[in-house]
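The transmembrane segment annotation in TrEMBL covers A:6-25, A:32-49, A:55-76, A:97-120, A:132-149, A:169-187, A:207-225, A:230-249, A:255-277, A:298-317.
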Amino acid sequence: MTITIQHLYYLVGAVLAFTAVATLTDRSNAKRYSTGLFWALYALVFLVGDLLPALWVGVGAVAMALIAGFGGVGAGKHQGPSPSQYAASAKRLGNKLFVPALAIPLVTMVGTLSAKYLAIGGAPLLDPKNTTLVSLGVGCVVSLALVCWLTRETPAQGLRESHRLTDALGWALVLPQMLGMLGLVFSDAGVGKAVAYVTTTYINMDVRFVAVAVYVVGMALFTVIMGNGFAAFPVMTGGVGVPVLVGVYHGDPAVMAAVGMLSGYCGTLLTPMAANFNIVPAALLELPDKNAVIRAQVPTALTLLAVNVFLLNFMMFR
Amino acid sequence: MLSDVNLWPLIGVAIIIVGFVLRFNPMLVVVVTAIGTAFAAGFPIDKILATIGTGFIKTRNLPLIILLPLAVIGLLERHGLRQHAQNWISSIKSATAGRLLIVYLAARQLTAAVGLTSLGGHPQMVRPLLAPMAEGATEARYGTLPERIRHKLRAFSAATDNVGLFFGEDIFVAFGAIVLMTTFLREAGIDVEPLHVAVWGIPTAICAFLIHAWRLYRLDGVLARELAAEGIVSLSAAAKTPTRGV
C-alpha cells in the first residue's frame, strides 16, 4: 500500500468536516450557520472534489468567496486553560514539549530522504510524486500520537484544537488555494503572453543594462502580480531573457536563470498574492495588520533586487 | 504572431491591483479577478466556472502544509509550549531578538540549501517556537512589552523564515525551481547544467543573508529606541540607575 496525497486530502477533509459540524453547534459563534457552511463546502472540496464536475466546484469556490467577502466567516470563543495552568503545565513538561514540535520537521525530513528505500511488497510506501507533503502528513500523525501520549490528551481534543486554530485563521486559510487557482486562470486566459508582448513592444532594450534591469525588475513585478516566481519565469524568460539577454547580448543563460528566479523571489516577499508566506503567517501570529509581514520584508527585498541588477549584469557578461 | 495577442486579459492585473489597494476582501478580489479575466479572454460563463473549479482542485495541495500540523500545534500550545519556549530562551543570557533571528536565518538558509526545506515553516516553527522566543528574549531584558513591539517581533520572525527559505532552497540542485528552469531553457533550445544554475544562485543568496542579517543586527537597537520612547528601559540599566525616570 502506498500512502498518497489523496489520503491526506481525505484526512484534511475529515478534520474540516468536524470543524464544520462543531461550528454549526457552536453557540458562541454569532455567525455559526454561514461559517459552518463555509467550512462544510471546503471539506467537500477535499473529500469529493475530484469526483464532482469542475463546474460545480467552481460554483462552490465562488460561493465560499462570497461568504468570506461579505463577512460571513466568524469565530467562536474557545475556553483555554488559565495562564497559571499554562505556566504549571510548561513547568511540568519542560523540554519534553519541544519533542513533538520538532518531530514534525524531523519525520518529514527523514521521510523525504529515505522515500526511495521504503517499499512494501515492491510498492513504494510514500507516494514518489509528493514525498515531502506525504512525509509531512506522516510526521503530523506520528507527532499527534506523541503529544497525546505525552500530555494524556485524546485525539478528539486534537480535533477541537484544530477547530480553535482554524477559527483563528478564518478565510485566510483558503486564500493560498484561491490565489493558486487565479494563477491557473491567468495562464489559461493568456495574461502572461499579453504582459510579455507589452514589455517587449514598449520598452527600448537597445542598451544592455536597461535590458538586464527590465528582466530583473520584470521578474519581481510579475511575481508580485502572480504571487509566484514559477509563473513569472516562463513569461519573462521567454519574452526578454532568451530573445534579448541571450539572443542579442550573448549572456550566460545559467546565470540569467539563477538570478532571474531569485529576483522573482524578491517579488514574493512583497506581495499579498503570496498568501501562504505573507498573509497566512500574519493571521497565524494574530497580527492586526494583515500586511505586517510584508512591511518587515520590504527593505530586504528592494535592496536585494537592486543588488541583483548589478550581479546579473556583471556575472552574465563576464 | 505577436500582433494577434489578446490584450484584454490584462484587465485582470488592473482588477487585482485596484482590489488590493482599495482593501476589499482578498477572497472576493481574487474571484472577481478570475471571472473578469476569463470573461475578457472570451470564455462563456460555464467555461469560466469550470476553469475556476479545475484550478481550485489542482491547487488543493497548497493548504495542506498549514492544515496538517494544526492539531499537534494546538495541543502543544494548550500545554504551554509557547510559554516554555519563552522561558527557555530567557535562560540564555546573551540572547537578544536580533541575535536569535540571525542564527535562525543562517540555519534556515543552510538547511534549505541542502534540501531540508521542511525544517521550518510558519505553522510548525514560527508560531509555536521562533516568535515566542523572539518575544521571550526581549522580555527577559525589558519586562512586559507593549503590543506594538510584540507584533513587530512576530512579523520579523515570519519575515526571517521566508528570507531564509527562499534564498536557501534555490541553490539546492534537486529543487523544483531548478528543474523548471532547465526544462524551460531546453525547450527554448538552450542546454544548461542544473548544477551551474544552482551555483550561480549562491552570490545572490549570500547578499540576501548579508542584507537581512544587517537589518536584524540593527533590530535590537531599533527596539531599544522604540521602547525608550515609550518609557521602557532595559532591566539591567534600570537596576543600575533605579532613580532615573526614563
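In case you wondered, yes, glycine gets a Cβ from its N, Cα and C as well.
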Proximity verdict for the transmembrane segment (A:132-149) and the transmembrane segment (A:97-120), three or more C-beta pairs under 8 Å: yes
Under 8 Å for C-beta pairs, could you tell me which stretch among A:32-49, A:55-76, A:255-277, A:298-317 has the largest tally with the transmembrane segment (A:230-249)? A:255-277
Looking only at residues six or more beyond either end of the transmembrane segment (A:298-317), which have a C-beta under 8 A from one in the stretch? 208-209, 212-213, 215-217, 220, 245, 249-252, 255-256, 259-260, 262-263, 266-267, 269-270
Could you pull out which residues elsewhere in the chain have a CB under 8 Å from any CB of the transmembrane segment (A:207-225), counting only those six or more residues past its ends? 195, 199, 231-233, 235-236, 239-241, 244-245, 248-249, 256, 259-261, 263-268, 270-271, 273-274, 301, 305, 308-309, 312-313, 316-317
Sort out the residues at least 6 away from either end of the transmembrane segment (A:55-76), same chain, that have Cβ-Cβ distances under 8 Å to it, and list them. 23, 26, 28-32, 34-35, 37-38, 41-42, 44-45, 49, 167-168, 170-171, 174, 178, 181
